[in-house]
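The following features are taken from TrEMBL:
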BINDING   Gly215, Gln216, Thr217, Gly218, Ser219, Gly220, Lys221, Thr222  ATP binding site
Amino acid sequence: MVEPATESRTQPKALGKMSIVNNVQQQQQQQQAAAPTTAQVNTVTNNSVAGSIPRKSSCVVTVGMMEENRIKQRDMFKVMREKKNALMNQDGGNPNWEFINMIREYQSTIDFRPLVEGQPVDIHQITVCVRKRPLNQKEMTRKEVDVVCIPNKNTLIVHEPKAKVDLTKYLDNQKFRFDYTFDETCSNEMVYMYTAKPLVQAVFEGAMATCFAYGQTGSGKTHTMGGTFNGRSQDSNNGIYGLATRDIFELLQSSKYRSNNLVVSASFYEIYCGNVFDLLSNKNKARVLEDGKKQVQVVGLTEREVYSVEEVQAIISSGTNLRTSGQTAANSNSSRSHAIFSLTLRVKGTTKVHGKFSFIDLAGNERGADTVSENRRTRSESSEINKSLLSLKECIRALGRKKHLPYRGSVLTKVLRDSFIGKNIRTCMIAMIAPGMTSCEHTLNTLRYAYRVKELAVIDPDERVDPEEDLIEGDEPVNGGVHNFNDLEQLRSLNENEMTMELYNQHKAISDLQQKEEEVLDNHQRVNEFLERFLPEAKELYNLTNLVDYDQDAYCKRGEELFTQLAEVANSFKDLMSEFRTKLSQEEMVSQAAKLSHRK
(Lines of atoms letter the chains of each structure in order from A; the text may use other names.)
(Lines give C-alpha, C1' and ligand atoms only; values in the text may rest on other atoms or scores of the structure.)
Protein backbone atom coordinates (compact mmCIF):
# COMPACT_ATOMS: atom_id res chain seq x y z
CA MET A 1 0.00 0.00 0.00
CA VAL A 2 2.90 2.19 0.62
CA GLU A 3 4.49 1.77 -2.79
CA PRO A 4 1.49 2.74 -4.71
CA ALA A 5 1.34 5.89 -2.68
CA THR A 6 5.00 6.77 -3.49
CA GLU A 7 4.59 5.91 -7.10
CA SER A 8 1.63 8.13 -7.29
CA ARG A 9 3.72 10.95 -5.83
CA THR A 10 6.58 10.70 -8.39
CA GLN A 11 4.65 10.06 -11.50
CA PRO A 12 3.29 13.53 -11.79
CA LYS A 13 6.86 14.90 -11.71
CA ALA A 14 7.91 12.73 -14.59
CA LEU A 15 4.83 13.60 -16.46
CA GLY A 16 5.57 17.35 -15.92
CA LYS A 17 9.04 17.05 -17.41
CA MET A 18 7.68 15.08 -20.29
CA SER A 19 5.10 17.76 -20.99
CA ILE A 20 7.70 20.56 -21.00
CA VAL A 21 9.88 18.60 -23.39
CA ASN A 22 6.93 17.93 -25.57
CA ASN A 23 5.97 21.59 -25.58
CA VAL A 24 9.48 22.63 -26.59
CA GLN A 25 9.54 20.06 -29.34
CA GLN A 26 6.16 21.18 -30.55
CA GLN A 27 7.32 24.85 -30.65
CA GLN A 28 10.45 23.90 -32.58
CA GLN A 29 8.38 21.90 -35.03
CA GLN A 30 6.06 24.87 -35.47
CA GLN A 31 8.97 27.25 -36.04
CA GLN A 32 10.53 24.85 -38.49
CA ALA A 33 7.22 24.57 -40.25
CA ALA A 34 6.89 28.35 -40.36
CA ALA A 35 10.52 29.04 -41.43
CA PRO A 36 11.23 28.18 -45.07
CA THR A 37 14.19 26.18 -46.09
CA THR A 38 17.09 27.60 -48.12
CA ALA A 39 15.69 26.10 -51.23
CA GLN A 40 12.37 27.60 -50.47
CA VAL A 41 14.03 31.02 -49.92
CA ASN A 42 15.83 30.79 -53.26
CA THR A 43 12.62 29.74 -54.91
CA VAL A 44 10.76 32.73 -53.45
CA THR A 45 13.55 35.13 -54.36
CA ASN A 46 13.63 33.86 -57.93
CA ASN A 47 9.90 34.18 -58.13
CA SER A 48 10.03 37.84 -56.85
CA VAL A 49 12.76 38.86 -59.41
CA ALA A 50 10.78 37.35 -62.17
CA GLY A 51 7.59 39.14 -61.20
CA SER A 52 8.68 42.68 -60.02
CA ILE A 53 11.38 45.48 -60.36
CA PRO A 54 14.41 44.79 -58.23
CA ARG A 55 15.41 47.34 -55.59
CA LYS A 56 18.24 49.66 -56.88
CA SER A 57 20.92 51.57 -55.04
CA SER A 58 20.84 55.40 -54.77
CA CYS A 59 23.84 55.71 -57.11
CA VAL A 60 22.07 53.75 -59.82
CA VAL A 61 18.93 55.87 -59.36
CA THR A 62 20.95 59.14 -59.62
CA VAL A 63 22.71 58.02 -62.79
CA GLY A 64 19.38 57.10 -64.31
CA MET A 65 17.88 60.50 -63.48
CA MET A 66 20.91 62.27 -64.98
CA GLU A 67 20.50 60.30 -68.16
CA GLU A 68 16.82 61.23 -68.33
CA ASN A 69 17.69 64.91 -67.80
CA ARG A 70 20.29 64.74 -70.55
CA ILE A 71 17.74 63.33 -72.91
CA LYS A 72 15.27 66.08 -71.99
CA GLN A 73 17.95 68.77 -72.43
CA ARG A 74 18.93 67.36 -75.80
CA ASP A 75 15.32 67.53 -76.90
CA MET A 76 14.97 71.06 -75.53
CA PHE A 77 18.19 72.26 -77.21
CA LYS A 78 17.08 70.65 -80.44
CA VAL A 79 13.83 72.61 -80.33
CA MET A 80 15.76 75.80 -79.48
CA ARG A 81 18.18 75.25 -82.37
CA GLU A 82 15.33 74.69 -84.75
CA LYS A 83 13.63 77.86 -83.46
CA LYS A 84 16.89 79.81 -83.70
CA ASN A 85 17.53 78.61 -87.24
CA ALA A 86 13.98 79.50 -88.19
CA LEU A 87 14.44 83.03 -86.79
CA MET A 88 17.81 83.44 -88.50
CA ASN A 89 16.43 82.20 -91.82
CA GLN A 90 13.40 84.46 -91.40
CA ASP A 91 15.66 87.54 -91.55
CA GLY A 92 17.99 86.25 -94.22
CA GLY A 93 20.81 85.25 -91.91
CA ASN A 94 21.09 88.73 -90.37
CA PRO A 95 23.75 88.66 -87.61
CA ASN A 96 21.53 90.94 -85.49
CA TRP A 97 18.56 88.58 -85.65
CA GLU A 98 18.24 88.57 -81.84
CA PHE A 99 17.67 92.33 -81.74
CA ILE A 100 15.30 92.05 -84.69
CA ASN A 101 13.24 89.47 -82.84
CA MET A 102 13.18 91.57 -79.65
CA ILE A 103 12.09 94.63 -81.63
CA ARG A 104 9.43 92.60 -83.40
CA GLU A 105 8.07 91.28 -80.09
CA TYR A 106 8.02 94.77 -78.56
CA GLN A 107 6.30 96.34 -81.55
CA SER A 108 3.65 93.59 -81.52
CA THR A 109 2.31 95.18 -78.32
CA ILE A 110 2.00 98.67 -79.84
CA ASP A 111 -1.12 100.12 -81.40
CA PHE A 112 0.16 101.90 -84.54
CA ARG A 113 -1.82 104.95 -85.63
CA PRO A 114 0.57 107.04 -87.77
CA LEU A 115 -0.15 110.48 -89.19
CA VAL A 116 -2.27 110.43 -92.36
CA GLU A 117 -3.37 113.14 -94.74
CA GLY A 118 -6.51 114.99 -93.80
CA GLN A 119 -5.80 115.30 -90.10
CA PRO A 120 -6.03 118.88 -88.78
CA VAL A 121 -2.91 121.07 -88.70
CA ASP A 122 -2.03 122.42 -85.26
CA ILE A 123 -0.72 125.98 -85.16
CA HIS A 124 2.26 126.58 -82.86
CA GLN A 125 4.60 129.50 -82.45
CA ILE A 126 7.43 126.96 -82.24
CA THR A 127 6.89 123.67 -84.05
CA VAL A 128 9.36 120.83 -83.50
CA CYS A 129 8.89 117.67 -85.53
CA VAL A 130 10.92 114.62 -86.53
CA ARG A 131 11.14 112.85 -89.85
CA LYS A 132 12.44 109.31 -90.22
CA ARG A 133 13.80 108.27 -93.59
CA PRO A 134 13.69 104.65 -94.84
CA LEU A 135 16.73 102.41 -94.94
CA ASN A 136 18.75 103.15 -98.07
CA GLN A 137 20.30 100.62 -100.40
CA LYS A 138 23.71 100.77 -98.75
CA GLU A 139 22.20 100.09 -95.33
CA MET A 140 20.13 97.21 -96.60
CA THR A 141 23.24 95.70 -98.22
CA ARG A 142 24.95 95.85 -94.83
CA LYS A 143 21.83 94.22 -93.29
CA GLU A 144 21.17 97.20 -91.03
CA VAL A 145 18.43 96.90 -88.40
CA ASP A 146 15.65 99.51 -88.29
CA VAL A 147 15.68 100.61 -84.63
CA VAL A 148 13.12 103.43 -84.89
CA CYS A 149 9.34 103.12 -84.90
CA ILE A 150 6.62 105.78 -84.97
CA PRO A 151 3.41 104.57 -83.28
CA ASN A 152 1.41 107.78 -83.80
CA LYS A 153 1.67 111.36 -85.01
CA ASN A 154 3.32 112.63 -81.81
CA THR A 155 5.43 109.73 -80.53
CA LEU A 156 8.69 108.14 -81.59
CA ILE A 157 10.48 105.15 -80.01
CA VAL A 158 14.14 104.24 -80.42
CA HIS A 159 15.02 100.60 -79.69
CA GLU A 160 18.63 101.09 -78.61
CA PRO A 161 20.54 97.75 -78.68
CA LYS A 162 22.62 97.14 -75.56
CA ALA A 163 24.48 94.34 -73.80
CA LYS A 164 24.86 93.56 -70.10
CA VAL A 165 28.12 92.73 -68.36
CA ASP A 166 27.56 89.03 -69.05
CA LEU A 167 27.02 89.92 -72.77
CA THR A 168 23.28 89.29 -72.55
CA LYS A 169 21.60 91.38 -75.23
CA TYR A 170 18.63 93.60 -74.46
CA LEU A 171 16.79 96.69 -75.75
CA ASP A 172 16.59 100.12 -74.13
CA ASN A 173 13.31 101.44 -75.57
CA GLN A 174 13.48 105.24 -75.37
CA LYS A 175 10.33 107.23 -76.07
CA PHE A 176 10.19 110.84 -77.36
CA ARG A 177 7.24 113.14 -77.97
CA PHE A 178 7.08 116.01 -80.47
CA ASP A 179 4.48 118.12 -82.28
CA TYR A 180 4.63 115.82 -85.30
CA THR A 181 6.49 112.63 -86.17
CA PHE A 182 6.71 111.52 -89.79
CA ASP A 183 7.50 107.91 -90.65
CA GLU A 184 9.29 106.65 -93.74
CA THR A 185 6.06 106.55 -95.79
CA CYS A 186 5.43 110.32 -95.54
CA SER A 187 6.19 112.37 -98.65
CA ASN A 188 7.81 115.82 -98.85
CA GLU A 189 4.42 117.33 -99.61
CA MET A 190 2.95 115.87 -96.43
CA VAL A 191 5.88 117.10 -94.32
CA TYR A 192 5.53 120.57 -95.86
CA MET A 193 1.78 120.64 -95.15
CA TYR A 194 2.27 120.27 -91.37
CA THR A 195 5.50 122.27 -90.96
CA ALA A 196 6.29 125.13 -93.36
CA LYS A 197 2.96 125.76 -95.08
CA PRO A 198 1.31 127.46 -92.05
CA LEU A 199 4.35 129.76 -91.88
CA VAL A 200 3.85 131.00 -95.46
CA GLN A 201 0.50 132.49 -94.54
CA ALA A 202 2.08 134.07 -91.44
CA VAL A 203 4.75 135.79 -93.56
CA PHE A 204 2.06 137.67 -95.50
CA GLU A 205 0.69 138.79 -92.17
CA GLY A 206 4.01 140.35 -91.23
CA ALA A 207 5.75 137.45 -89.48
CA MET A 208 9.45 136.59 -89.46
CA ALA A 209 9.34 132.85 -90.17
CA THR A 210 12.21 130.38 -89.96
CA CYS A 211 12.38 126.72 -90.93
CA PHE A 212 15.40 124.65 -89.83
CA ALA A 213 16.49 121.26 -91.12
CA TYR A 214 18.68 119.57 -88.52
CA GLY A 215 20.27 116.14 -88.28
CA GLN A 216 23.09 113.80 -89.09
CA THR A 217 24.75 113.88 -92.50
CA GLY A 218 22.83 111.56 -94.79
CA SER A 219 19.63 111.69 -92.75
CA GLY A 220 17.60 113.42 -95.48
CA LYS A 221 17.99 117.18 -94.87
CA THR A 222 18.82 118.07 -98.47
CA HIS A 223 16.13 115.70 -99.76
CA THR A 224 13.49 117.37 -97.57
CA MET A 225 14.55 120.96 -98.16
CA GLY A 226 15.70 120.74 -101.78
CA GLY A 227 13.60 117.96 -103.30
CA THR A 228 13.75 114.37 -104.52
CA PHE A 229 16.86 113.13 -106.29
CA ASN A 230 16.55 111.37 -109.64
CA GLY A 231 20.02 110.00 -110.05
CA ARG A 232 22.31 113.02 -109.64
CA SER A 233 19.71 115.60 -110.57
CA GLN A 234 17.40 117.05 -107.94
CA ASP A 235 13.74 117.85 -108.53
CA SER A 236 13.35 121.09 -106.56
CA ASN A 237 9.60 121.24 -107.27
CA ASN A 238 8.72 118.92 -104.37
CA GLY A 239 11.19 120.20 -101.78
CA ILE A 240 10.22 122.65 -99.05
CA TYR A 241 12.09 125.41 -100.93
CA GLY A 242 10.03 124.89 -104.07
CA LEU A 243 6.70 124.18 -102.35
CA ALA A 244 6.96 127.31 -100.20
CA THR A 245 8.01 129.44 -103.20
CA ARG A 246 5.01 128.19 -105.19
CA ASP A 247 2.60 129.10 -102.39
CA ILE A 248 4.21 132.52 -101.90
CA PHE A 249 3.71 133.49 -105.54
CA GLU A 250 0.16 132.12 -105.48
CA LEU A 251 -0.66 134.30 -102.47
CA LEU A 252 0.97 137.32 -104.15
CA GLN A 253 -1.53 137.00 -106.99
CA SER A 254 -4.51 136.30 -104.73
CA SER A 255 -7.20 138.92 -104.30
CA LYS A 256 -6.42 139.22 -100.59
CA TYR A 257 -2.81 140.38 -101.01
CA ARG A 258 -2.65 141.73 -104.57
CA SER A 259 -3.46 145.23 -103.40
CA ASN A 260 -0.49 145.25 -100.99
CA ASN A 261 1.86 145.68 -103.98
CA LEU A 262 4.48 143.35 -102.54
CA VAL A 263 7.65 142.16 -104.25
CA VAL A 264 9.85 139.17 -103.41
CA SER A 265 13.63 139.26 -103.15
CA ALA A 266 15.90 136.24 -102.59
CA SER A 267 19.30 135.80 -100.99
CA PHE A 268 21.36 132.66 -100.63
CA TYR A 269 24.55 132.38 -98.57
CA GLU A 270 26.50 129.95 -96.41
CA ILE A 271 28.31 130.21 -93.10
CA TYR A 272 31.59 128.31 -92.97
CA CYS A 273 34.18 128.60 -90.18
CA GLY A 274 32.51 131.75 -88.89
CA ASN A 275 32.59 133.50 -92.28
CA VAL A 276 29.70 134.39 -94.59
CA PHE A 277 30.02 133.59 -98.30
CA ASP A 278 27.54 134.86 -100.86
CA LEU A 279 26.35 131.95 -103.04
CA LEU A 280 24.74 134.36 -105.51
CA SER A 281 28.01 136.19 -106.14
CA ASN A 282 30.54 133.41 -106.72
CA LYS A 283 31.13 132.93 -102.96
CA ASN A 284 32.36 136.45 -102.31
CA LYS A 285 32.95 137.09 -98.64
CA ALA A 286 30.41 139.22 -96.78
CA ARG A 287 30.75 140.94 -93.38
CA VAL A 288 28.40 140.61 -90.40
CA LEU A 289 28.28 143.93 -88.54
CA GLU A 290 26.05 145.66 -86.03
CA ASP A 291 25.00 149.25 -86.78
CA GLY A 292 24.31 152.04 -84.32
CA LYS A 293 20.71 150.86 -83.90
CA LYS A 294 21.92 147.41 -82.78
CA GLN A 295 20.69 145.88 -86.02
CA VAL A 296 22.78 143.12 -87.60
CA GLN A 297 23.70 143.86 -91.19
CA VAL A 298 25.30 141.47 -93.66
CA VAL A 299 27.43 143.88 -95.67
CA GLY A 300 28.12 142.87 -99.26
CA LEU A 301 25.34 140.27 -99.50
CA THR A 302 23.52 140.01 -102.83
CA GLU A 303 19.72 140.26 -102.70
CA ARG A 304 17.93 139.69 -105.98
CA GLU A 305 14.30 140.40 -106.83
CA VAL A 306 12.49 137.36 -108.24
CA TYR A 307 9.21 137.18 -110.12
CA SER A 308 8.61 133.47 -110.73
CA VAL A 309 9.13 130.05 -109.23
CA GLU A 310 11.55 129.20 -112.03
CA GLU A 311 13.85 132.09 -111.08
CA VAL A 312 13.94 130.91 -107.49
CA GLN A 313 14.71 127.35 -108.54
CA ALA A 314 17.59 128.57 -110.71
CA ILE A 315 19.01 130.50 -107.74
CA ILE A 316 18.75 127.45 -105.48
CA SER A 317 20.37 125.18 -108.05
CA SER A 318 23.35 127.46 -108.71
CA GLY A 319 23.86 128.22 -105.02
CA THR A 320 23.72 124.57 -103.97
CA ASN A 321 26.47 123.70 -106.45
CA LEU A 322 28.76 126.29 -104.84
CA ARG A 323 28.13 125.18 -101.26
CA THR A 324 31.17 123.94 -99.32
CA SER A 325 31.20 120.19 -98.83
CA GLY A 326 33.65 117.47 -97.87
CA GLN A 327 33.99 113.84 -96.97
CA THR A 328 32.96 112.47 -93.56
CA ALA A 329 32.53 109.02 -92.11
CA ALA A 330 28.80 109.24 -92.79
CA ASN A 331 28.80 110.70 -96.26
CA SER A 332 31.30 111.12 -99.09
CA ASN A 333 29.76 114.51 -99.95
CA SER A 334 28.86 116.03 -96.61
CA SER A 335 27.66 119.62 -96.20
CA ARG A 336 30.16 121.31 -93.91
CA SER A 337 28.43 124.68 -93.76
CA HIS A 338 25.07 126.16 -92.83
CA ALA A 339 23.11 127.25 -95.91
CA ILE A 340 20.56 130.07 -95.47
CA PHE A 341 18.06 130.78 -98.23
CA SER A 342 15.73 133.73 -97.60
CA LEU A 343 12.65 135.11 -99.32
CA THR A 344 11.81 138.64 -98.21
CA LEU A 345 8.56 140.51 -98.86
CA ARG A 346 8.73 144.30 -99.26
CA VAL A 347 6.35 146.93 -100.45
CA LYS A 348 7.46 147.85 -103.97
CA GLY A 349 9.75 150.88 -104.00
CA THR A 350 10.60 150.73 -100.28
CA THR A 351 13.24 149.03 -98.15
CA LYS A 352 10.94 148.22 -95.21
CA VAL A 353 10.52 144.49 -94.65
CA HIS A 354 6.88 143.33 -94.66
CA GLY A 355 7.68 139.68 -93.88
CA LYS A 356 10.51 137.22 -94.26
CA PHE A 357 10.87 133.45 -94.60
CA SER A 358 14.32 131.96 -93.93
CA PHE A 359 15.14 128.33 -94.77
CA ILE A 360 18.22 126.93 -93.04
CA ASP A 361 19.88 123.67 -94.04
CA LEU A 362 22.22 123.12 -91.11
CA ALA A 363 25.54 121.30 -91.29
CA GLY A 364 25.52 117.69 -90.14
CA ASN A 365 25.43 117.50 -86.35
CA GLU A 366 28.14 114.81 -86.27
CA ARG A 367 30.56 117.50 -87.44
CA GLY A 368 29.78 119.48 -84.30
CA ALA A 369 31.12 116.64 -82.16
CA ASP A 370 34.46 116.61 -83.99
CA THR A 371 36.33 119.28 -82.01
CA VAL A 372 39.64 117.53 -81.30
CA SER A 373 40.80 116.85 -84.84
CA GLU A 374 44.46 116.94 -85.83
CA ASN A 375 43.76 119.46 -88.59
CA ARG A 376 43.37 123.13 -87.62
CA ARG A 377 40.88 123.82 -90.42
CA THR A 378 38.70 120.90 -89.32
CA ARG A 379 38.91 122.06 -85.70
CA SER A 380 37.81 125.54 -86.69
CA GLU A 381 35.02 124.16 -88.87
CA SER A 382 33.73 121.77 -86.19
CA SER A 383 34.03 124.36 -83.43
CA GLU A 384 31.88 126.81 -85.38
CA ILE A 385 29.25 124.13 -86.06
CA ASN A 386 29.22 123.13 -82.38
CA LYS A 387 28.84 126.71 -81.17
CA SER A 388 26.19 127.59 -83.71
CA LEU A 389 24.05 124.52 -82.93
CA LEU A 390 24.21 125.18 -79.17
CA SER A 391 23.52 128.88 -79.68
CA LEU A 392 20.63 128.14 -82.04
CA LYS A 393 19.06 125.75 -79.53
CA GLU A 394 19.29 128.28 -76.69
CA CYS A 395 17.95 131.12 -78.86
CA ILE A 396 14.87 129.08 -79.75
CA ARG A 397 14.43 128.03 -76.12
CA ALA A 398 14.75 131.66 -75.05
CA LEU A 399 11.69 132.50 -77.17
CA GLY A 400 9.58 130.78 -74.51
CA ARG A 401 11.32 132.16 -71.43
CA LYS A 402 12.14 135.52 -69.90
CA LYS A 403 15.84 134.97 -70.44
CA HIS A 404 18.67 136.71 -72.20
CA LEU A 405 18.81 135.79 -75.89
CA PRO A 406 22.40 134.60 -76.60
CA TYR A 407 22.31 135.42 -80.31
CA ARG A 408 25.90 136.70 -80.26
CA GLY A 409 27.08 133.17 -79.47
CA SER A 410 27.63 132.40 -83.17
CA VAL A 411 27.56 133.99 -86.60
CA LEU A 412 24.52 131.89 -87.52
CA THR A 413 22.35 133.29 -84.73
CA LYS A 414 23.68 136.80 -85.41
CA VAL A 415 22.46 136.82 -89.00
CA LEU A 416 19.15 135.27 -87.84
CA ARG A 417 18.65 137.85 -85.10
CA ASP A 418 15.42 139.12 -86.67
CA SER A 419 14.03 135.59 -86.47
CA PHE A 420 14.31 135.62 -82.67
CA ILE A 421 13.49 139.21 -81.75
CA GLY A 422 10.04 140.68 -82.21
CA LYS A 423 6.41 139.97 -81.46
CA ASN A 424 5.43 138.18 -84.67
CA ILE A 425 7.84 135.27 -84.87
CA ARG A 426 7.18 131.74 -86.13
CA THR A 427 9.74 128.94 -85.99
CA CYS A 428 9.76 125.37 -87.23
CA MET A 429 12.47 122.76 -86.73
CA ILE A 430 12.49 119.50 -88.69
CA ALA A 431 14.86 116.99 -87.12
CA MET A 432 15.96 114.32 -89.60
CA ILE A 433 17.00 110.89 -88.36
CA ALA A 434 18.45 107.76 -89.93
CA PRO A 435 16.80 104.48 -88.81
CA GLY A 436 19.86 102.19 -88.93
CA MET A 437 21.40 100.59 -85.85
CA THR A 438 24.86 101.99 -86.65
CA SER A 439 23.38 105.51 -86.64
CA CYS A 440 21.65 104.99 -83.29
CA GLU A 441 24.01 107.26 -81.34
CA HIS A 442 23.65 110.15 -83.80
CA THR A 443 19.88 109.58 -83.92
CA LEU A 444 19.60 109.84 -80.12
CA ASN A 445 21.76 112.99 -80.11
CA THR A 446 19.48 114.56 -82.72
CA LEU A 447 16.34 113.63 -80.79
CA ARG A 448 17.72 114.92 -77.49
CA TYR A 449 18.65 118.20 -79.18
CA ALA A 450 15.18 118.58 -80.68
CA TYR A 451 13.54 117.56 -77.41
CA ARG A 452 15.44 120.23 -75.48
CA VAL A 453 14.31 122.80 -78.04
CA LYS A 454 10.70 121.75 -77.45
CA GLU A 455 10.73 121.62 -73.65
CA LEU A 456 9.66 125.19 -73.07
CA ALA A 457 6.53 127.14 -72.24
CA VAL A 458 5.76 129.82 -74.81
CA ILE A 459 5.09 133.19 -73.21
CA ASP A 460 3.21 136.22 -74.44
CA PRO A 461 5.41 138.16 -76.91
CA ASP A 462 4.64 141.36 -75.02
CA GLU A 463 6.30 139.88 -71.92
CA ARG A 464 9.43 138.73 -73.71
CA VAL A 465 12.64 140.38 -72.57
CA ASP A 466 14.56 142.38 -75.16
CA PRO A 467 18.06 140.93 -75.44
CA GLU A 468 19.64 144.37 -75.19
CA GLU A 469 17.74 145.23 -71.99
CA ASP A 470 18.39 141.90 -70.27
CA LEU A 471 21.81 142.70 -68.81
CA ILE A 472 23.84 140.00 -67.15
CA GLU A 473 25.45 141.02 -63.89
CA GLY A 474 28.95 142.32 -64.54
CA ASP A 475 28.34 143.36 -68.17
CA GLU A 476 29.19 146.94 -68.97
CA PRO A 477 28.26 148.93 -72.07
CA VAL A 478 31.09 149.32 -74.55
CA ASN A 479 31.54 151.00 -77.91
CA GLY A 480 29.08 153.80 -77.32
CA GLY A 481 26.41 151.88 -75.43
CA VAL A 482 26.45 148.51 -77.22
CA HIS A 483 26.45 145.74 -74.61
CA ASN A 484 29.04 142.98 -74.96
CA PHE A 485 27.43 139.81 -73.61
CA ASN A 486 29.65 136.81 -73.02
CA ASP A 487 27.23 134.54 -74.85
CA LEU A 488 29.77 131.74 -75.21
CA GLU A 489 30.15 131.53 -71.42
CA GLN A 490 26.37 131.50 -71.06
CA LEU A 491 26.13 128.66 -73.59
CA ARG A 492 28.54 126.63 -71.52
CA SER A 493 26.60 127.27 -68.30
CA LEU A 494 23.44 126.04 -70.02
CA ASN A 495 25.13 123.02 -71.64
CA GLU A 496 27.82 121.82 -69.24
CA ASN A 497 27.36 118.21 -70.31
CA GLU A 498 27.95 119.12 -73.95
CA MET A 499 30.67 121.77 -73.46
CA THR A 500 33.37 120.95 -70.94
CA MET A 501 35.80 123.58 -69.69
CA GLU A 502 38.46 122.24 -72.07
CA LEU A 503 36.08 122.55 -75.03
CA TYR A 504 35.01 125.99 -73.84
CA ASN A 505 38.65 127.10 -73.79
CA GLN A 506 39.12 125.64 -77.25
CA HIS A 507 36.01 127.41 -78.60
CA LYS A 508 37.22 130.66 -77.07
CA ALA A 509 40.73 130.25 -78.50
CA ILE A 510 39.32 129.52 -81.96
CA SER A 511 36.96 132.50 -81.71
CA ASP A 512 39.84 134.78 -80.73
CA LEU A 513 41.90 133.34 -83.59
CA GLN A 514 39.10 133.95 -86.08
CA GLN A 515 38.64 137.50 -84.81
CA LYS A 516 42.37 138.22 -85.11
CA GLU A 517 42.41 136.65 -88.59
CA GLU A 518 39.57 138.96 -89.61
CA GLU A 519 41.52 141.93 -88.29
CA VAL A 520 44.66 140.89 -90.16
CA LEU A 521 42.77 140.39 -93.42
CA ASP A 522 41.09 143.78 -93.08
CA ASN A 523 44.47 145.42 -92.49
CA HIS A 524 45.96 143.51 -95.41
CA GLN A 525 43.21 144.88 -97.62
CA ARG A 526 44.05 148.41 -96.47
CA VAL A 527 47.74 147.74 -97.22
CA ASN A 528 46.82 146.65 -100.75
CA GLU A 529 44.73 149.79 -101.25
CA PHE A 530 47.59 151.93 -99.94
CA LEU A 531 50.09 150.23 -102.23
CA GLU A 532 47.80 150.83 -105.21
CA ARG A 533 48.03 154.57 -104.42
CA PHE A 534 51.67 154.46 -103.35
CA LEU A 535 53.16 152.90 -106.47
CA PRO A 536 51.92 155.56 -108.96
CA GLU A 537 53.02 158.37 -106.61
CA ALA A 538 56.41 156.72 -106.15
CA LYS A 539 56.83 156.39 -109.92
CA GLU A 540 55.74 160.00 -110.47
CA LEU A 541 58.18 161.17 -107.80
CA TYR A 542 60.99 159.21 -109.41
CA ASN A 543 60.16 160.61 -112.87
CA LEU A 544 60.76 164.13 -111.50
CA THR A 545 64.44 163.30 -111.20
CA ASN A 546 64.67 162.97 -114.98
CA LEU A 547 64.40 166.76 -115.25
CA VAL A 548 67.72 168.59 -115.26
CA ASP A 549 66.57 171.28 -112.85
CA TYR A 550 64.18 169.27 -110.62
CA ASP A 551 63.51 170.59 -107.12
CA GLN A 552 65.71 168.42 -104.95
CA ASP A 553 64.32 169.81 -101.70
CA ALA A 554 60.72 169.11 -102.76
CA TYR A 555 61.76 165.64 -103.91
CA CYS A 556 63.30 164.82 -100.54
CA LYS A 557 60.40 166.25 -98.56
CA ARG A 558 57.77 164.38 -100.57
CA GLY A 559 59.83 161.20 -100.54
CA GLU A 560 60.17 161.30 -96.75
CA GLU A 561 56.42 161.75 -96.31
CA LEU A 562 55.58 158.99 -98.76
CA PHE A 563 57.95 156.39 -97.35
CA THR A 564 57.11 157.31 -93.75
CA GLN A 565 53.51 156.40 -94.53
CA LEU A 566 54.71 153.16 -96.12
CA ALA A 567 56.78 152.34 -93.04
CA GLU A 568 53.85 153.01 -90.70
CA VAL A 569 51.56 150.79 -92.75
CA ALA A 570 54.21 148.05 -92.97
CA ASN A 571 55.02 148.14 -89.24
CA SER A 572 51.34 148.06 -88.29
CA PHE A 573 50.75 145.09 -90.56
CA LYS A 574 53.89 143.38 -89.23
CA ASP A 575 52.67 143.77 -85.62
CA LEU A 576 49.29 142.32 -86.50
CA MET A 577 50.90 139.35 -88.23
CA SER A 578 53.00 138.73 -85.11
CA GLU A 579 49.89 138.80 -82.92
CA PHE A 580 48.17 136.47 -85.37
CA ARG A 581 51.03 133.95 -85.08
CA THR A 582 50.78 134.16 -81.29
CA LYS A 583 47.06 133.35 -81.47
CA LEU A 584 47.86 130.39 -83.73
CA SER A 585 50.28 129.00 -81.15
CA GLN A 586 47.81 129.54 -78.32
CA GLU A 587 45.03 127.77 -80.23
CA GLU A 588 47.34 124.83 -80.90
CA MET A 589 48.23 124.50 -77.21
CA VAL A 590 44.60 124.72 -76.07
CA SER A 591 43.52 122.17 -78.67
CA GLN A 592 46.22 119.75 -77.53
CA ALA A 593 44.97 120.11 -73.94
CA ALA A 594 41.39 119.47 -75.10
CA LYS A 595 42.56 116.42 -77.03
CA LEU A 596 44.30 114.95 -73.97
CA SER A 597 41.22 115.59 -71.84
CA HIS A 598 39.03 113.93 -74.47
CA ARG A 599 41.23 110.81 -74.48
CA LYS A 600 41.07 110.56 -70.69
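The backbone N, Cα and C atoms fix where each Cβ goes, and this holds for glycine too.
Neighbour density for Thr222 (ATP binding site): within 10 A of its CB lie 21 other CB atoms from the protein chains shown.
All protein chains included, Gln216 (ATP binding site) registers 25 other Cβ atoms within 10 Å of its own Cβ.
A simple Cβ count within 10 Å picks out one of the binding-site residues Gly218, Gly220 as the most packed, and that one is Gly218. Summary for the binding-site residues Thr217, Ser219: the Cβ-based neighbour count within 10 Å is maximal at Ser219. Counting neighbouring Cβ atoms within 10 Å of each of the binding-site residues (Gly215, Lys221), the lowest count belongs to Lys221.
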